[in-house]
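In TrEMBL this protein carries:
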type: BINDING; residues: A:Ala56, A:Ala57, A:Ser58, A:Asp62, A:Val88, A:Gly166, A:Asp171; note: ATP binding site
type: DOMAIN; residues: A:53-233; note: domain 'tRNA(Ile)-lysidine/2-thiocytidine synthase N-terminal'
type: DOMAIN; residues: A:282-312; note: domain 'Cytoplasmic tRNA 2-thiolation protein 1 C-terminal'
Amino acid sequence: MPVQCSCCGEKRAMLKRPKTGHSVCKDCFFWAFEEEVHETIVSAKLFRHGERVGIAASGGKDSTVLAHVMKVLNERYGYGLELMLLSVDEGITGYRDDSLETVKRNQQQYELPLKIVSYEELYGWTMDAIVKQVGLKNNCTFCGVFRRQALDRGAIMLKVDKICTGHNADDVAETVLMNVLRGDVARLRRCTAISTASEGEAVVPRCKPLKYAYEKEIVLYAYFKKLDYFSTECIYSPNAYRGHARTFIKDLESVRASSIVDIIHSGENLSVREGVKMPVQGTCNRCGYISSQALCKACVLLEGLNRGLPRLGISKHHRLHGKILARQPLTEKEERKLRSENS
Amino acid sequence: MCEINEDFHDRLECVQDVEGGLKKCVKCKEANASVVIKGGDAHCRACFKENFTHKFRATLGKNRVIFPGEKVLLAVSGGPSSCSMLRQVQEGLSQNAHKKLRFLPGIVYIDEGGAVFRSSEERQKTVAQLQAIFKATGYPFHIVPLEQVLDLPSSTILTAPSASQPAHTGAYKTAVDQFIQHEISSSAAREVQEETDVYESQEPHTQALQKLIGSAKTLTAKQDLVNTLRQHVLVHTARSKGYSKVMLGDSCTRLAVKLLSNISTGRGAHLAQDTGFSDTRHGDVILVRPMRDYSAKEIAYYNHVFAVPSVFIPGLDTKNADKASIHRLTESFVNKLQADFPSTVSTIYRTSEKLQTVCGSSSTADPCDRCLLCVCALDTADDGVSALQATLTSEKLSKFRGNTRPGMPVLISGELRQSAPTVRDCRSGEGENCGQAQVGGSCCSSDMKPEKTDLKSTLCYSCQLIVKDLSSVECLPQYILSEAMRRQRRSLMRKEITFAPVSNVGQEKTLVTVPGSELWAVDQTSH
Amino acid sequence: MAAPLSLHLEFGGGAELLFNSEKKHQVSLPGQAGPWDIRQLLVWIQQNLLKERPELFIQGDTVRPGILVLINDADWELMGQLDYQLQDGDTVVFISTLHGG
């Protein structure tokens, strides 16, 4: 017994919307999905007319759908935005090189300019080389920190006013849970924000137009629209802890489909007690990037790699920042301590 | 998705097996250790006990919420944590304790057996076991079936003005000193045995309760509903028997689960009230959680070694699969994670300490701004971009619209805005109407039978989810329904005052005012 | 006795990795006493097609949460999920949402 679309009342429903439980047909789904992103963009005032906007593109489903919908909406509603794709090449053979091929195809399909910044050119290290030195345990820390900066640097090279990323509702909900699980109240407070204000000169504001879009709908949108995306897990991401949180989110969704947006609601309404210390944002003394310490995380990680002491940036060694800045060698004791942490 | 700062690995060390053999107690360094508690410290029995009982007094002392001579109601469920709490109170009040507790305890047990479809024989058996435990303490006790929720007054869900308790820090100490003086002069005065009552539920009441629980379509909603109703009965019992504090037995483990499941059910705005040390939402009756520093493991160990009796009582989710409800799922998630990363519970718990509610706990606020069910400040205000608005937008866009399409946008001063008929009009106050099958103007008015849509505006985000899962709101207890109708009428009057001269607001909807009945936003595009 | 069924199965979004990276499978289910439903199909897939780590595809008697199922391009939630009775020539698509962003 086919279900009729709750929206047009004519065609056969093709999917059940997780946020509301409505059953809709393909065309009504496309329309509603795009309108919702539009509504998010408009009511959160994410862009201004005439801005240059970089779409962080990985070749994966979220950024592919984002690029597609941004282009559609920009034309449909005359946003007047100059859109371009911005990709980061982490230097992971067998993963990023393949997904970048997808991005290059997207560039052709959507006729958008593409800029690729690589870890190798920015930092002198590919992820393959980093993993060779640090192993599989903390490589995600390097990759994440480096990517954040790489996107910003690419954005500055492209002279874009804003970056938009493909973070979806599931990602935001997962981040809320992760921050609760690690007791990080400062991030917990920030992680549900739809856009980051320009926090310093080195940082380009970012926003998440897909913040309220369910992963299920993103995947179905890509599937029904036959969008070309790349879907393989990063070969270096054995992050068990985040995996637990992801599984939990998916389990919750299967118990009550609205859970994901319910978690975001929770995150948006949390508030932190007065007197809880929040980090003060400053800038890195070496590269000028925002940092709550004398040196930004990327510079410390890089220093660790270059000195052959990768632990330097992994755990907190703020005391050593002065020495790094002054380009002084560490004492034998300090080096020994860093090496022993590795085991 | 990987993200920066995955550096918590350092703090989440995996379980390290305690080396076998005889370890010495880290505290006295003499006796052999027999239990390993938080942080991997091994304690001997004596030091463990001292530490355990000290922690109870220390928690109360640090928070300074319970004043000497105050009547405190201990909510004992029969489970290990609340039974252990009862023992701690006994220890604390006993003459030998060098830092004596000085409040007047009473015990309450809420019998939820009706809600979980236990037979009256089973329930009587449980009550008898608990009665034996309670009698042994010599404290007054009250055994109240959850069925009593059907007879509660509407005042139960109103925030009463808080007792005028001096708030400045010196006050607590002064009160203690005064009490000690007083106690010396009249030591025998408080030995008067108070009333002890055991209510029994009647069959029709049990059936009504079961119908109510049965009207919830999901186990998640059933559990939320029972928790809410239990809280109402607790507060009512405390109020009617003159208790100003209620002690709840939530352990650290329990609270970690509760924190996560509350986040997952959209209760983020109330986390501080729901999981913090004290909960002031009811105003005159303050709920406190003195067991929040104890892990379930510590409690189980203590109860075992020091023969604290507890009674196992099956609940709604007993023997259910992991995915039966959000609560059940969260519990198994936390337990599994805790097994791999032993700091999980304490880290979540520390998160809860750093939170506070958005809208304070002022008891002077308009009761209409508080949720009819959980009595917390409403978190459903229209604030532009939010998860709530996104859901309303989705509902609006997914329901029947025929052939109409919204207008094209225009650009106003460089910013993107939409022209008149926007998807945003479900924000203009009648949000309760969105996404539901449109019922036009046909709504409760004369016969006072509220519909789901009427209740919606009086509920917080999360409690709306409970009601959404009810097949009908008619089974809800009368005190809730009548308070809902009262608020409905009040807001109606207010709107009439505000909107009376205006008959048309916006282009897409008309506000229809029918005196004495309903103010209804009729969405013209949906028919 | 129902006749054998010919089905078109498709795995995407990364789910194909568990099936030798082959996305499309034309399969034939043997005839059996009653009609085939999705529940039985999942068991059949586990026994006949799944190459590695079954827990990443099947949990309990259903698919792992996060894997979307489409029956003839429609969300299986609209089709009775596990109880949907398969017809000859049906297309069943499994898309993982759990990979990449």
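From the backbone N, Cα and C atoms, a Cβ is placed for every residue, glycine too.
Known features from TrEMBL, placed on the structure.
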| residue | record | Cβ within 10 Å |
| --- | --- | --- |
| A:Ala56 | ATP binding site | 23 |
| A:Ala57 | ATP binding site | 30 |
| A:Ser58 | ATP binding site | 24 |
| A:Asp62 | ATP binding site | 27 |
| A:Val88 | ATP binding site | 25 |
| A:Gly166 | ATP binding site | 24 |
| A:Asp171 | ATP binding site | 23 |
Quiz item: ATP site residues A:Ala56, A:Ala57, A:Ser58, A:Asp62, A:Val88, A:Gly166, A:Asp171: biggest Cα-Cα distance, Å?
Solution: 19
Quiz item: Chain B sits near which of the binding-site residues A:Ser58, A:Val88, A:Asp171, counting only a Cβ gap under 8 Å?
Solution: A:Asp171
Practice problem: Would you list the binding-site residues among A:Ala56, A:Ser58, A:Asp62, A:Val88, A:Gly166, A:Asp171 that come within less than 8 Å, Cβ to Cβ, of chain C, in the order they occur in the sequence, writing 'none' if nothing qualifies? | Solution: A:Ser58, A:Asp62, A:Gly166, A:Asp171
Quiz item: Helix, strand or coil: which one is A:Ala57 (ATP binding site) in, per DSSP?
Solution: coil
Exercise. Kindly report the helix/strand/coil residue split of the domain 'Cytoplasmic tRNA 2-thiolation protein 1 C-terminal' (A:282-312) according to DSSP, in that order.
Key: 13 helix, 4 strand, 14 coil
